[in-house]
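Annotation comment: TrEMBL describes A:1-28 as region 'Disordered'. Look at TrEMBL and you will find A:29-315 tagged as domain 'UvrD-like helicase ATP-binding'. Here TrEMBL flags A:A50, A:G51, A:A52, A:G53, A:T54, A:G55, A:K56, A:T57 as ATP binding site. Feature annotation from TrEMBL assigns domain 'UvrD-like helicase C-terminal' to A:316-584.
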Amino acid sequence: MTDRPAKPQGLGAGPITSQLGARTPQYLDGLNPEQHDAIVSVDGPLLVLAGAGTGKTRVLTTRIAHILHTRRARAHEILAVTFTNKAAREMKERIGKFVGGAIEGMPWLGTFHSIGARILRRHAELVGLKSDFTILDTDDQIRLLKQLLQAENVDEKRWPARQLAHVIDGWKNKGLQPSQLSEADAGVFADGKAVKIYQQYQARLKVLNAADFGDLLLEGIRLFKENPTVLAEYHQRFKYMLVDEYQDTNVAQYLWLRLLAQTNEHRDTANVCVVGDDDQSIYGWRGAEVDNILRFEKDFPGAKVIRLERNYRSTSKILKAASHLIAHNEDRLGKTLQTDVGEEGEPIAVTSVWDSEEEARNIGEDIEQLQRQGHKLNSMAILVRASFQMREFEDRFITLGLNYRVIGGPRFYERKEIRDALAYLRIVTQPADDLAFERIVNVPKRGLGDATIRLLHDAARAANVPLVQATRELIETDELKPKQRSTLRGLLSQFDEWAMRLQTLPHSEVAEAILDESGYTQMWQNDKSADAPGRLENLKELIRSMEEFETLGGFLEHIALVMDRDSADADDAVSIMTLHAAKGLEFDTVFLPGWEEGLFPHQRALDEAGKSGLEEERRLAYVGITRARKRAKLSLAQNRRIHGLWQSAIPSRFLDELPADVVEVKDTGSSYGGINYGGRDQATKFDRRDPFESVYETPGWQRAQRQHKSRSFDRGPTIEGELVARSTNTASSSRYKVGDKVLHLKFGEGTVAAVDGNKLSIDFASVGRKKVLESFIQKP
DNA sequence: CTTCTGATAATTTTT
DNA sequence: TTATCAGAAG
């Protein structure tokens, strides 16, 4: 019996019942042919190329509903991976609607990391861990690496632990264990010691019974490779696999998936469906390989490819602008989005303003105006390239009394007080957790300083036991001074006491007691600083959220892996977030500020990844514009304060890449010059010049010239035929010397008082001494 | 051992 | 501009 409908459209079927095939299921109503095809093609490998706003999530969730409905597999036999918790949650909700609320049955729907952790815990002993291992976050990671660097006598100034963490993360993203690295891979870090320390780091993690984010996948790969029977178990379990945002997978994730999707004697076809959009790949810096999506057909021979190109979100003008922009990228599979909205809509507005303050003011006014016209704040969003841009908007909105909400700011669990509290919980449940112990031994202050800690460390290392164990032994000796000894003894007995209480009492209750009895709460109550009350509030919130979890372990897992922050969705508020955070969302009106060279495209992306970096930035721009349903409003500031210093900026090259006929340029009175579109007139491409001045004397031009010259000497990543403005110019020495008379755009005339590389101290006639960047001054 | 001070550095995106 | 860190003084 087949339930596959003959036609895409359903026949107005009634509610979904568990009876098979009686009618065309309702969930297949209202789909376009491609979507329908993507949903019902459940057997064999399938690649769905889903452009922005083409109903990707709908396809994914409906597909799962379809598999369930047709009884091809049961809920626990479907593996569905997403990148973010948000996406996972959304999918759960939507599937829940199809299936009628019984979502309990989708245990294998989640992020790569949460599913990786889940699998790893079941077989932890096979990779040298215990099933209750701790998941370390970046902070822990860095502190651990710091210790290892110290032990290796590496100069931390020159080779910061943070940087090493990046290097190691990079390896892990590529699926590389220390043993798979050769001398040649060591790179320059700390004179090639990186591999050695990576090895030590991994060993240390095992001792600590801990895994970092990368391990959740990397150790999973090792587990599957070394234990074919375990892998076979999952082969049997997962009848269908689905992957969201496939363009964002890194090598490790790819390997992990491929192991699970392997064909073998038990199955000759992999029912794996991946959904993605190469034009929305924006996580290359995190190790994502667009290649994965580009070579899917090779990996899975006979794979079916379906393109979703009908956009149900944006007006044709918005879509045209976005398509035109992204067409400048060379590395893409190529799609042609067509609008289904049937509305031309408003043109893309581009506003040039004097500085970032004015930008915030303008956008604030626009928002108020829209609000007066009856638009909800919830339907508007400001998407920035870098999080520091957010502050200006927040400031402005506070003075305006405009409701806003910041999405994806500092995560709840990254706050100091939360991490401290968690460390207490961790050390109680997990006595081997040295990192947690170190974090809280002297918080609040107990008179246990460096000297004492070092002693504990030495003892622990000598005996090769965790710190807590070493401490237990040390307090029985005279190694410690009496005062410290009794303090430590007291602390340890508290640990024991709390651990005991956890056996019988509810964990949230014990947690509260821990925070009180340790003096941690008191510490913040005594703190007179402005943010102390907020921190206490956060601690309360922490305890409250613990109540939702059955076990403490479950709660700790949630904290480690889930970035969920309760956002008060109920209020009407403008959203402020980064472009990265905006992926997958949509708004009627989208404000895109800061379209300036150096900020967007971001200088670092250009410096570090050259052309591919530029293309990724362009995809980011594409993502930004395609978030808009009805209105996209771009803006750029001619001056921006980067860190204390004013920098002048030139318009983003992306502005030149927009089709002139759907763009409407606005220029506020306070700026001079204008912007030029279409890029036909090269002389005015970076057009922000004083009308009385030659083009070739503008700072932007001069800077570009200088960069252009200096670049022929170093072989840093460059972009052919593009003039790349760099904000800093570390290599060359200054063109100026003390006593030179100079001219600065904002500060006017002045005299050079000191030269420090490319930074100059200048005494200005009008504003006194200021530090400025050489690139922003000129000879009068 | 703690606290204060001054200096210095660093500013993208995140599971 | 801001946060963080090291060093010196208490």
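Cβ from N, Cα, C; glycine included.
Ranking the binding-site residues A:T54, A:T57 by how many other Cβ atoms lie within 10 angstroms of each Cβ puts A:T57 at the bottom. Taking Cβ-Cβ distances under 8 Å and a sequence gap of 6 or more within the same chain, the neighbours of A:K56 (ATP binding site) are A:V48, A:A50, A:D244, A:V275, A:D277, A:L308.
Comparing local CB density within 10 A for the binding-site residues A:G53, A:G55, the maximum falls on A:G53. Cβ neighbours within 10 Å of A:A52 (ATP binding site), excluding its own Cβ and spanning all shown chains: 26. For A:G51 (ATP binding site), the count of additional Cβ atoms within 10 Å of its Cβ stands at 26 [all protein chains shown]. Other Cβ atoms within 10 Å of the Cβ of A:A50 (ATP binding site), summed over all protein chains shown, number 28. In this model, the domain 'UvrD-like helicase C-terminal' (A:316-584) carries an average pLDDT of 87.
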